[in-house]
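Engineer: Pasting in a structure now, in structure tokens, and then I'll have a few things to ask.
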2 protein chains.
Amino acid sequence: MTQVTQTPQIAILGAGLIGVGWAALFVHHGADVRVWDPKPEALKEVEARMRAPLAQLEEASPRTATRGTLTLCSDLSDALSEADLIQENAPENIPLKHALYSLVEPLMMDSAVLASSTSALTWSDLSPGLKDPSKLITAHPFNPPHLVPLVEIFGTDLARLGRAEAIYRAAERVPVRLMKDATGHIANRLASALWREAVHMVQAGIADVEAIDAALVNGPGLRWSVLGAHMAYHLGGGEGGMAGYLAHLGPSQERRWASLGNPTLSEEVQTELVAGVEREAAGRSIAELEAVRDKALISALRARKEAPHV
Amino acid sequence: MTQVTQTPQIAILGAGLIGVGWAALFVHHGADVRVWDPKPEALKEVEARMRAPLAQLEEASPRTATRGTLTLCSDLSDALSEADLIQENAPENIPLKHALYSLVEPLMMDSAVLASSTSALTWSDLSPGLKDPSKLITAHPFNPPHLVPLVEIFGTDLARLGRAEAIYRAAERVPVRLMKDATGHIANRLASALWREAVHMVQAGIADVEAIDAALVNGPGLRWSVLGAHMAYHLGGGEGGMAGYLAHLGPSQERRWASLGNPTLSEEVQTELVAGVEREAAGRSIAELEAVRDKALISALRARKEAPHV
């Protein structure tokens, strides 16, 4: 495992929600961070918008060393010239990202990693934007990026992947490497598969939106916060583990798969989804719900430090 | 909401893993519990086997009142005569459960609820075993039942459902009601849908078993422990909430659904699943992994008391 020995130099490209989350995370963990955005007015607000995530980070994982530095750069070359990791958070638009990469590539160090936070696009979509595609990796954080540890990684240059992962680990992230480029990486494919069945149950009248969310949060969601899905079946197999589970219950799992639904987002189901989350929100605004979520995430992260997950 | 005003009297039928978990839970929360098992030798071990779950419950949620009582019954009528709730944990076998119900029904109080812990079977499978099917509900706990709060409920008699739910709530469970009987209830349908895509990613070579588990536990699993799947899309829609999400990203979610896989549990994929969880277990036995899981669950439950989930 590559170790980070010097203070890492990080460039954050794009000062939206995700970019600001990354900036706060790296500053909290002692890195020297330079933020660039094509709109100078966006830069002016960065420090103010980092205050809340920095306070949350301090609660989730109190600093043992001093904070890193923050530099706001209106000039792209200032942000890139010494950066070890360049975290790109531009809008999800292939031509726009390609155009940005054509500016970035000549300015970055040979050893640097250009990491795209892209959620919807893939490495194969983005790498044609560079002369040397091996400089690019995808490094997808899970929202909110300063609190949820996962970073999903794909790239082709093993040494560069190793250097990037070491930087993410030093910021208490958990980098997880894909073996093959895939739309939705890993986590959003899992989330999408789960939500398909959740929407199917609403459509089929099996349970309402708020019952499904309550079942998830108090059942499998809670368990998946400490135990992976494969590992859960390993433990579900008793003494025989996964092999025992597959021998005894594999066929019934295949039958269950066949019985899962394939819903469409019809107008009727959309109306019910909107009404359901409104009942669940019980008058709380998006900002209020996010505040509850973040407080609960911080508490869960602290709990993990006391008792590590499987 | 029906309130529990007197000490509830609980009968536990079947002293296997699930039955003992229920017994410990109800005793911890002050109920008077009578355990019956067709095998007298199983009864002898109940007290010893309750020690570990009772200690875990004390850690997860320290008692504020005295423990309830435990009575071991070799005679079924002793267990049932004053029971408000009869929690049945017999093997997943329809004729066997029907035969048991034909013994139980004449011995239970008119007001009592017969609640089946069944995971694989449904209310429609089981209710023909009673003269009065309205006495039966399904009440499926999520393993381990004394730690994971979810209890999935289905039945037809609203008054009985209300009385059962009040008893579960008094034992700090979260009862979630289905509107329609469904195989796998809610939670195992969600788990099955998620695992199908997890197995697909292994089969397609996108990621290995341990990477998928790490992505889940450090990403969506952690978030689903504080926020439901529907609510996550509500927050993902920004100011527009779920309606905004559906308007902007509904079509791409439908495309994502179409791209999810439909794996089979071939010999090849089974071999990889077994090898993957073994790499992930890194030499730890099932019992050791369960101990890590339980410690992490207890820590997560304590964290929830400090900061409630959405």
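Sequential numbering from 1, following the chain as shown.
Glycine residues also receive a Cβ, built from the backbone N, Cα and C atoms like all the rest.
Just so it is clear, the model here is predicted, and its values are computed rather than measured.
Dumping what TrEMBL says about this protein:
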type: DOMAIN; residues: A:9-181; note: domain '3-hydroxyacyl-CoA dehydrogenase NAD binding'
type: SITE; residues: A:His140; note: site 'Important for catalytic activity'
type: DOMAIN; residues: A:184-252; note: domain '3-hydroxyacyl-CoA dehydrogenase C-terminal'
Engineer: Can you check what DSSP calls A:His140 (site 'Important for catalytic activity'), collapsed to helix, strand or coil?
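Structural biologist: Going by the DSSP assignment, A:His140 (site 'Important for catalytic activity') falls within a strand, counted as strand.
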Engineer: In the domain '3-hydroxyacyl-CoA dehydrogenase C-terminal' (A:184-252), how many residues does DSSP assign to helix, to strand and to coil?
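Structural biologist: Breakdown, helix to coil: 55 helix, 0 strand, 14 coil.
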Engineer: Mind giving me a neighbour count for A:His140 (site 'Important for catalytic activity')? Other Cβ atoms within 10 Å of its Cβ, every protein chain shown.
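Structural biologist: There are 27 of them.
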